[in-house]
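Remarks on the structure that follows.
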There are 2 protein chains.
Amino acid sequence: MNILVTNDDGIYSKGIYELCNAIKDIARVYVVAPDSEKSAVGHAITMHNPLKIKKINFHGIDSIDAYAVSGTPADCVKLGIEALLRDIEIDLVLSGINNGSNLGSDVIYSGTVSAALEAYMLDKSSIAISYDANGDSSHEYKIAANYMADFIKGNYMENDDLQSSVLNINFPNMHGRDPLGYRSTRLGIRRYENSFEERKDPRGNIYYWMGGSIKKMHQEPDSDISAIEEGYISITPLQFDLTNYDKLKGMSKL
Amino acid sequence: MNILVTNDDGIYSKGIYELCNAIKDIARVYVVAPDSEKSAVGHAITMHNPLKIKKINFHGIDSIDAYAVSGTPADCVKLGIEALLRDIEIDLVLSGINNGSNLGSDVIYSGTVSAALEAYMLDKSSIAISYDANGDSSHEYKIAANYMADFIKGNYMENDDLQSSVLNINFPNMHGRDPLGYRSTRLGIRRYENSFEERKDPRGNIYYWMGGSIKKMHQEPDSDISAIEEGYISITPLQFDLTNYDKLKGMSKL
């Protein structure tokens, strides 16, 4: 089994290291990831600049080929599959483990999730993996990474439906405890309030910082947000067709 | 009627000027758009840098308030609605007119479409407008802009279904002729081949340019791609829930 791993926190982050370390015994691992942090880049791709690549030593693990790329997570997947690793049959693409959850309507902003969607658009099975972190702890990443290695060996390989999907997996903040299990979910709704803070620079010009806090909203019990809040690992199957078919039916008489 | 206009080609591009010029007699127009070109940024948002704004004179049109923003199209919509214009009831958000079509699965990369989706996520009606250009001709933008002004005054205001939507509208390349009419469509599938060109820099380091050509694929007759190829204006209603509900049904026993 050949697994391509990417992320949006950058190739030198803890999450991608723990993930690769946990799966290197069940698969041949290739890493193609951004050379620096690329959070909230959504499905951006780099068309107007060249993509520079650098082969790096990945934490001294000889069995892993790793490339740092001057692009976005979606760039890394496309470049990995179509150019750098074009002679290798990639069986699965993993994106993560992200520092912070990617839940609900927020997934549209997520570089982590976009990398997995890009893989799916290139006909590859893929999984985005995020951890509802309160910090950046190697120990918690390790727990999540071991769950993922077991998941891929177990449930995933035995289930054709899972294998032909793009999955968005979020781990709850475990505070050292084990998650309560897996729950299959749909995306919930996330909204923010007080999103912008207005400031003045030393020359009196106004500028804004995006910030804001999550608005407390009712969540359906089958949503990914509910699953995480209740201590479960959330698994949401995704797709990339943004057509609104309900609305389309009502528009036939244009 | 208050209309917020943005785009991804930048506030100084021809497409946004022709659009604003055509609608300024049917609505009060506010422009909040990127200070430079932001194509293919997808749904990126700017969280780690401040957003700088500059009030500009928009082609001498006194009735239009215009702000150039150091961010992405999605930033512009969020900042416009939640900060710059928070005291104004925006009735409709327009994004465009984009230089080049935004069709099929490619919409996920599109800054133009993401701006419209962002507006919809903030409970605003919105329309992304793109033109299948073969160049950057003011004359063709003007034709498309006039169609849009008529569409908003006519079909749009009379149809609640359209008003409560995010619409992705693409104009065919008209070569000076009129489009054959409107067609409501779903997103087709776009794939590319030979996507990367490998080169060497003067120091012998390999780098890649993303490029590639559109793969010839069968398109369903009700797709946006078919509509454009046949000379129609394509209107696709969009949504932002990426959950794959078909797959979810099969996953209940996890």
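Keep in mind that glycine also has a Cβ here, set from the backbone N, Cα and C atoms.
Automatic, uncurated: that is what TrEMBL annotation is.
When B:N21, B:N57, B:N98 are compared with the divalent metal cation site residues B:D8, B:D9, B:S39 in TrEMBL, the one appearing in that site is B:N98. In sequence order, the binding-site residues from B:D8, B:D9, B:S39, B:N98 that place a Cβ under 8 angstroms from a chain A Cβ are B:S39. For B:D8 (divalent metal cation binding site), other Cβ atoms within 10 Å of its Cβ number 32.
The domain 'Survival protein SurE-like phosphatase/nucleotidase' (B:3-193) scores a mean pLDDT of 93 in the predicted structure. Each of B:N7, B:G10, B:S13, B:G15, B:E37, B:K38, B:P73, B:G96, B:N99, B:G100, B:S110, B:G111, B:T112 belongs to the same chain as B:D8, B:D9, B:S39, B:N98, is absent from that list, and has a C-beta within 8 angstroms of the C-beta centroid marking the divalent metal cation site. When the binding-site residues B:S39, B:N98 are compared by the number of other C-beta atoms lying within 10 angstroms of their own C-beta, B:S39 comes out lowest. Take the CB of B:D9 (divalent metal cation binding site) and look out to 10 A: across all protein chains shown you find 24 other CB atoms.
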